Amino acid sequence: MVRYMVTSALPYANGPIHAGHLAGAYLPADIFVRYLRLKGEEVLFICGTDEHGTPITFRALKEGRSPREIVDEFHEHIKTTFERAKISFDFFGRTELPVHYRLSQEFFLKALENGHLVKKVTKQAYCEHDKMFLPDRYVIGTCPYCGAENQRGDQCEVCGHPLTPEILINPRCNICGNPITFKDSAHYYIRMQDFEERLKKWVESQEHWKPNVRNTVLGWINEGLEERAITRDLDWGIPVPLDDEDVKGKVLYVWFEAPIGYISITIEHLKREGKENEWKKFWLNLDGETKVIHFIGKDNIPFHAIFWPAFLMAYGKYRDEEVEAEWNLPYDIPANEYLNLEGKKFSTSRNWAIWVHEFLDVWPADYLRYYLTAIMPETRDSDFSFEDFKKKINEELVNNLGNFVHRAMTFVNRYFDGVVPERGELNDLDRQALEEIEKAFKETGELISNYRFKDALKRVMELAIFGNRYFDYQKPWKTAKENRERTATTVNVSLQIVKALGILLEPFLPDASEKIWHLLNLEEVKKWSFEELPAGHRVRKAFPMFRKVTDGEIIYFIVNYIGRGNPDSAKILLNKYYKQEDVVKVTLERFGEKRKDEALALLKSIYGDEFKGEKPEKAGKAEKKEKVKEGKKMEYVSFDEFAKLDLRVGKIIEVNDHPNADRLYVVKVDLGDEVRQLVAGLKKYYKPEELLGHYVVIIANLEPKKLRGVESQGMLLAADDGERVALLMPDKEVKLGARIR
């Protein structure tokens with residue numbers, strides 16, 4: 001039986017995780033692993049922080065702290081962020097573990113023993129001002145391949161080509177900014193040319209790889225592989241395990257030892273689980289049944305598809321008292337392209353980024369997972385847009401998925417006391433619905449297996465769309481009056497679709513999946529197969545699964561988070577979407593009176609000289625308040641006139657923005673035997689989530705009228721004192737449609 005060893009690229013422990021990281025290496029892997037678990041496959045999902053190398057020492061130097069303090073802080077921060085984003089690693093380790101030191105030094109010595117390493121004295125970057133050898137990342141200059149400026153000496157962020165300080169144009173120190181020199185220094189190099197032919201044949205045989213990965217790797221190999229240094233002039237890292245004065249005080253290059261972390265972290269995890277030797281079946285080719293799959297971003301393709309396999313080859317066979325075997329080479333490396341932000345590449349140094357931990361302070365993890373999956377850069381770069389984020393969540397997640405689940409759960413509770421009803425005779429649409437469930441499982445599974453996560457999520461959402469159309473076509477609110485059996489069948493089939501969605505969503509939206517499982521009152525373990533909800537099973541009462549993303553939330557996020565890190569970036573984003581007066585108003589409301597000075601200072605830092613300040617109260621507003629206080633002269637109506645009004649109790653089941661008006665909502669109200677669409681001027685006073693699920697009073701026999709192009713089939717009743725608006729709501733639940741007398 002096939003087993004899976006799944007890894008995500010080890011993040012550097014020198015800073016937080018942004019949405020580009022998540023979309024590239026972590027969310028795709030999590031979707032894949034959750035699917036495998038639902039299928040009952042044997043799978044191990046491993047990751048951990050990369051805690052050596054220049055990114056860590058560079059940050060420590062800038063902040064006047066030790067590298068140990070930096071890695072300890074960010075290991076915990078990154079681990080917590082992944083947990084909040086529902087990334088379900090079996091174990092999240094670190095490369096500061098003793099087992100990693102031991103194994104990395106063992107790999108070095110084995111490669112040396114097998115003749116694949118050579119010691120060379122070469123010119124290394126040196127800063128006369130700081131009196132130190134400079135690691136590649138401490139050197140910046142112009143990329144000789146694409147001409148991009150301010151690129152680090154290890155890899156160009158623009159074209160992705162690996163670099164060395166020697167080939168940079170106009171290289172300078174990234175610490176002090178002065179031009180660098182080059183001094184002699186002894187280092188060990190791996191002879192990559194020893195593996196060129198073997199690597200080429202191996203890559204050519206990987207016909208199941210993504211074309212972008214396979215073509216990139218073959219292009220590299222065809223250019224010819226050269227010796228590359230695997231030791232560095234640093235004092236933080238894994239010491240070179242030799243009694244050699246030439247390399248005394250030097251460490252293993254992080255690009256050599258970091259991927260070994262996949263194995264060392266696996267060993268540590270299984271040792272803690274009391275399965276000390278089980279790591280071998282995942283990493284050694286004992287039976288040909290293990291598939292090692294590395295999820296990475298495209299900048300890591302050469303390191304995982306060329307250098308890492310070469311290190312495994314350089315080690316040779318692993319031998320101990322129990323086994324003798326070759327290492328498992330990667331089975332697949334499904335690298336994603338880049339995620340951009342509003343048309344520009346993510347930049348951590350300029351804070352042009354969506355930091356995951358900050359995003360999750362404002363929105364649920366499922367919102368980020370849904371949007372990143374929907375725009376996942378699987379074969380080409382994609383773009384994170386706040387406007388598109390709002391649109392996709394509100395139209396697809398809330399209006400489609402959430403609406404269907406809520407409708408089905410509401411009807412089973414209203415008409416069948418929360419018990420799944422027996423089905424009657426099936427019509428063609430009923431049968432099609434049940435067939436759609438089976439098709440959704442088959443097709444979604446195939447798409448996930450082929451790393452087409454964007455299409456897989458789309459296929460799941462198509463089932464929710466079908467569910468809504470099925471519900472609309474069957475019209476259970478009408479058949480409930482005349483044909484209970486038909487209504488029972490519609491509700492039963494709808495609940496089967498809801499259960500199917502609860503399983504199908506698990507890889508993508510684990511929290512939504514759990515909410516559906518809770519609504520259906522299920523305790524069974526989810527499996528990637530479908531067993532129908534039995535008639536007679538009791539479910540729970542409906543509640544809204546999602547809330548809409550609002551402009552106020554987006555403004556607050558940009559101001560409070562991006563604005564603090566980089567006011568210029570915040571200004572660009574705010575000016576793209578919003579008027580300054582609206583930004584000021586929302587910010588002051590969100591911060592509140594106690595934090596007003598803080599809010600104004602933040603806005604001033606964002607807008608600079610363009611800041612117009614707090615908008616004064618409109619002239620006449622105070623007069624309006626006074627008029628309300630004075631009140632109008634009472635005018636009487638006859639009882640007969642009042643009796644003409646059909647006032648009824650309803651429940652708000654859906655709230656959408658009006659497509660043509662900024663201050664209006666389009667609200668759907670359930671009256672028991674029908675659902676009415678109303679247009680209401682409540683946007684200034686209520687958020688959508690504050691309206692959903694509430695019982696309200698409407699005028700049901702008001703002549704329908706189009707308001708800004710949308711028909712309103714009644715009117716909500718509310719009190720207005722000139723400053724605040726309050727809906728009229730019954731003080732206890734009554735039957736929907738009950739008349740006000």
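Heads up, the Cβ atoms here are built off N, Cα and C, so glycines get one too.
Some features that Swiss-Prot has for this protein:
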BINDING   CYS143, CYS146, CYS156, CYS159  Zn(2+) binding site
BINDING   THR348  ATP binding site
DOMAIN    641-741  domain 'tRNA-binding'
MOTIF     11-21  motif ''HIGH' region'
MOTIF     345-349  motif ''KMSKS' region'
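Taking each of the binding-site residues CYS146, CYS156, CYS159 in turn and counting other Cβ atoms within 10 Å of its Cβ gives the largest count for CYS156.
The predicted model assigns the motif ''KMSKS' region' (345-349) a mean pLDDT of 84. If you take the Cα of CYS156 (Zn(2+) binding site) and the Cα of THR348 (ATP binding site), they are about 15 angstrom apart, rounded to a whole number. Between CYS159 (Zn(2+) binding site) and the residue listed as 'ATP binding site', the C-alpha separation comes to 17 Å. All protein chains shown were included, and the count of other CB atoms within 10 Å of the CB of the residue listed as 'ATP binding site' stands at 15.
The Cβ neighbour count for CYS143 (Zn(2+) binding site), using a 10 Å radius and every protein chain shown, is 21. Across the fold, the C-alpha of CYS143 (Zn(2+) binding site) and the C-alpha of THR348 (ATP binding site) stand 19 Å from each other. The Cβ centroid of CYS143, CYS146, CYS156, CYS159 marks the Zn(2+) site; residues of that chain outside this set whose Cβ lies within 8 Å of it are PRO144, TYR145, GLY147, ALA148, GLN151, GLU157, VAL158, GLY160, HIS161, LEU163, given in sequence order. Distance from the CA of THR348 (ATP binding site) to the CA of CYS146 (Zn(2+) binding site) is 21 Å. A coil conformation is recorded for CYS146 (Zn(2+) binding site) in the three-state DSSP classification, outside any helix or strand.
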